[in-house]
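Trainee: Have a look at this one.
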Amino acid sequence: VDRAFPRTPRGALKISRTVRPGPARGPRARPGPALTPSPPVPQLVALAAFICFAASGAHGAYTALAGMETVITALFLLLYLLRLDARLRFLLWPLADIFNSVIAALFLLVVALFAIIIKTNKGTLVGGVLGLILLVLCIVDAVLLCKKISFDRARGRSAPAK
C-alpha cells in the first residue's frame, strides 16, 4: 500500500473526486491548514450527485453517469494506492486515467448543464451543481496527469544511471 499517494496533489485530487478531504480530527491531527478549505460541500461529491439524481427521480442517464464516475474514480484510486500500476505494466495507466478524466468531463458538462437548465426539482439542480464541481476536478486531474506523462523519457529499470 502506497501510504504517501494520498498526500500527493494527484492523490488528493483523486480523493476529492470521491471524498472531499476536510480538516483532520483526532489525536493524530497535524496542525496547519487542511488540504482544502471547508465550505459546506457534501463530504462525498460524486456519491452526493448520484444520490441527488436518484432521489429526485431524475432521468436515468444522470444517475448512471454520477454512479459510474464514483465507481471508476474509486477503482483508479485503489489502483494507485495498491501500486497495481507498477505491477500491471501492459497498459500505460496515467494515459488511461487521462482518457477517463477527459471523457468524464465531457459527459459531466452535458449532463450537469442539462440538469441545471431543466431543473425539474431541487435534487436535480443540486446534482447538476455537484456535476459541475466534478467537471472542474476532472479537468484539473487531466492537466496534472498530462504534466506527469513524458513519452521521450525512459521509465522504470531501463532508465540510464546517473
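In case you wondered, yes, glycine gets a Cβ from its N, Cα and C as well.
Annotations for this protein, taken from TrEMBL, read as follows:
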- 30-150: domain 'MARVEL' (DOMAIN)
- 64-82: transmembrane segment (TRANSMEM)
- 94-118: transmembrane segment (TRANSMEM)
- 124-146: transmembrane segment (TRANSMEM)
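Looking at the shown structure, can you explain where the listed features end up?
Mentor: Sequence-distant neighbours of the transmembrane segment (64-82) (same chain, 6+ residues past either end, Cβ-Cβ under 8 Å): 1-2, 5-6, 10-11, 14-15, 17-18, 46-47, 49-50, 52-53, 93, 97, 100, 104, 107-108, 111, 127, 130-131, 134.
Counting residues 6+ beyond its ends, the transmembrane segment (94-118) has Cβ neighbours under 8 Å at 53, 58, 61-62, 65, 69, 72, 76, 85, 124-125, 127-132, 134-135, 138-139, 141-142, 145-146, 148-149 in the same chain.
Listed by sequence, the residues of this chain that lie at least six past the ends of the transmembrane segment (124-146) yet keep a Cβ under 8 A from its Cβ atoms are 9-10, 13-14, 16-17, 41-42, 45-46, 48-50, 52-53, 56, 58, 62, 65-66, 69, 94, 97-98, 101-102, 104-105, 108-109, 111-116, 118.
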Trainee: By DSSP assignment, list the helix, strand and coil residue numbers for the domain 'MARVEL' (30-150), in that order.
Mentor: 90 helix, 0 strand, 31 coil
